């Protein structure tokens, strides 16, 4: 029996005296679910399914998907019952011929389809693709004469994409089929290459003639991506969303999956901790403190102290890992005139850079070649040095607050005491005298300007976005390419302390910052309101860093002398599970914890989130 009660024979819907949808309506049946039934005096007319334009599209999409699953008979029944047409008959015939490799017949059907195509050039492009596949298959089969005929008498006369034709002619010199497939980046004669060809051909046909390939999967993938974008806590990497996420419910991440719990407290420092930074490979964490030490921790299941570097008289207020994670630069506060370059692997001091006791070297950044770095400070020093500490270039008068090297290996972004971020091109720098009032050729731009001091800034992996901590204003997001202020993040307390924020999470969809109210604030990149406020520190949080390889781990350094590692809730956490922020109202739900934050090793349950 069919689901509507209609008898069947050998799986086929009974057509004698039946409705168009396969069901025989009762005499008293009325219009329902889009089926209109009319009665006549001496019998029943067939039920007519009235479908809207969108319903027709949906039925066609389902039919295409069923065919893709190999359920061809089911798709045919669906089309017959609904009265829809999956694709134009000529298009269906064209597909069969292409998949069978019947190239001459496929060209004939293409001529029939020409009037149905939207663009005049579409038929020419489709014919070129057909002949290209035909030519390659001849070559693979060793039919060189036929291949040459196709090239000279069919492809060349089209006078289309001559560069590709020249490239195709070179494939005749291939001695083996394997060499041909490798040079042509082609999978060879057979269903796979022909299916890819069919996908290219479909792109030129309007959807009324033939649906784009895997259209239903494409729409579902787009819907899932949109749901992930609207989910503030989504922080997992799924390469194939359709395979890893359910379609039966809207996607909602639990806040338990987000790094909102204190997983470990590091208390090896005996004074304020000013800075922390994960290595580029995510396996180490470096922390700098007022107590004159620099600690490096190994990150596994938990952080373990690996090395301690001592002797920084004024403390360590800034750290910069080399791109290969071999070296670590340590800078001090404003009164410090030197910086240290440590070899993290051996524990040895590579070099100490110091030009003058009057210098101030408070920030540094590495070139991508790992052989050069720049450093500077607010007293007007701005140097480019090599690994031996030799100053390669020096400019007086540039009062640097913070530095970042762009991935082009040429441009250094520097915030200065005039509330600006400028780009300096070191490759083109020659013997120019610095004139603060002039636009020198080595200054790339001078368009990012804040009304208040820029205490620090960081740049995302794309090099396009910059995250600024601005005195008395908070955290601002700038587009470096368009030179526009994108967003002002709310909630954080920022005075004139130097606080360092960061990008993080999967695809760097989140930003995090410390705050003078002793908390860590986390925002989704596209939302101004915080999605999480992490409590636990008892004094100002100076720096937050996100593990670049572990999206669910971040660290925060505080004046309370501790560094906290944050991660997702444990599996046995029985706290109430609140869903994501409402994508409509953007409200923040606050969860208060009864347990006080304890600064001990057994700290995984001391929490603290908003």
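Placed from the backbone N, Cα and C atoms, the Cβ positions cover glycine too.
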Here TrEMBL annotates region 'Disordered', and of 571-590, 591-610 the range meant is 591-610
What range among 1-35, 36-70 does TrEMBL record as region 'Disordered'? 1-35
Residues of the parent chain within Cβ reach of the repeat 'WD' (534-566), under 8 Å, 6 or more residues beyond its termini: 235-237, 257-267, 269-278, 280-283, 285, 287, 289, 299, 302-303, 497-506, 510, 512-516, 518-522, 597, 599, 606-610
Can you tell me which parts of the same chain pack against the repeat 'WD' (266-307), counting only residues 6+ beyond its ends and a CB-CB cutoff under 8 A? 313-321, 323-325, 328, 330, 333, 340, 342, 344, 347, 500, 539, 542-550, 553, 555-565, 599
Counted with DSSP (H/G/I as helix, E/B as strand, rest coil), the repeat 'WD' (309-340) has 0 helix, 12 strand, 20 coil
DSSP-wise, what's the residue breakdown of the repeat 'WD' (266-307) into helix, strand and coil? 0 helix, 24 strand, 18 coil
